[in-house]
Amino acid sequence: MTTVTSSSAGLSLSAERPKNIETQHEDMVHDAQLDFYGKRLATCSSDRTVKVFDIVNGTPSTTAETLHGHQGPVWQVAWAHPTFGDILASCSYDGKVVIWKDNGAGASIGASAPYGSQSAYGAPTSSAGGWTKIKEHTLHTASVNSISWAPHELGSILACASSDGNVSVLTFNNDGTWAVDLVAAHPVGCNAVSWAPAVVPGSLISAQSVGANAGAASNGEAKLVKRFASAGCDNTVKIWEFSQEANRFVEVEALQGHSDWVRDVAFAPNVGLPRSYLATASQDRTVLIWTQDSPTAAWSKTALNPISASAAAGAGSNKFPDTVWRVSWSVSGNVLAVSCGDGKITLWKENLKGAWECVSEMDS
């Protein structure tokens, strides 16, 4: 059996001791994600399964629903925004992305179905309830390493990054069909993908904008932008934006700063933040924080300095002790969690002088 530390599924600066969760997986756990309300925990493993636990009073249930649909290790899971119901996506070494919907008693009470009835997404209605496979995306020819749901203001959109070098963008249409855009992102392989906030920093979104297409909004509402970042085996992070003129995603920036594969990329939520923040983690044992002061400004980078966090850090400047596999922002976008190959998770905050400091450290 395999356990996962609950603090790895969400960010906290409290001194409370992390809780170990017995997942009942039979092999290594690769990802653990809480849903929007923190009421469910999804995990995935090399045992080819996804498990979903209910969270009661901060403690996961001892039993889980097990989802079978992959023929290889499952690398990542991602919850859709509750606007679209109880939707969970998973991606695997088998080259598939599976989208699941919970039609059972555990489904969110009052969850809206903006694209129709409970059988939205083309899911068959099931009186027996439980999780249903509503979409199996098989376009990729190699491992799908990362998935990311777009901000809900843009609609039901899922980006998928693959070792075949492509990022596919799945969009659910009002007629129940799925549209696919294929982006040739990194020729030697794509490791991660992350959506940017739907609006530029400091903008406010009207509730009436939900589900609107990207572009200028009427009545003074904020302009919505479809933009995501991809991380590749070419040591590069690329930023893509949907062009209305070309009717496709176009590359708007290529960020060079790492000397080895970029393992993860994460846009920070920009609620109340004055600029755009993007974190990248690499095989070269560094984490870079990229900032952009305005949509037309150049991106600047700052490397985290783990030496201040641990004397055991590597001898090289700004090097972590091992490969950095994951970076994840808090909901407010002001705290960054860094997961390193040495088994440690560190939390970082920017101080008033603009320097990044390690504020917490824990063993995974």
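Heads up, the Cβ atoms here are built off N, Cα and C, so glycines get one too.
Sequence annotations record features per position, and here Swiss-Prot assigns region 'Disordered' to 1-24. For 24-63, the entry in Swiss-Prot reads repeat 'WD 1'. If you look up Swiss-Prot, you'll see 69-110 marked as repeat 'WD 2'. The repeat 'WD 3' annotation in Swiss-Prot covers 139-180. If you look up Swiss-Prot, you'll see 185-250 marked as repeat 'WD 4'. The repeat 'WD 6' annotation in Swiss-Prot covers 319-358.
Per DSSP, the secondary structure of the repeat 'WD 2' (69-110) breaks down as 3 helix, 18 strand, 21 coil.
DSSP labels the residues of the repeat 'WD 6' (319-358) in these numbers: 0 helix, 22 strand, 18 coil. Summarised by DSSP class, the composition of the repeat 'WD 3' (139-180) is 3 helix, 22 strand, 17 coil.
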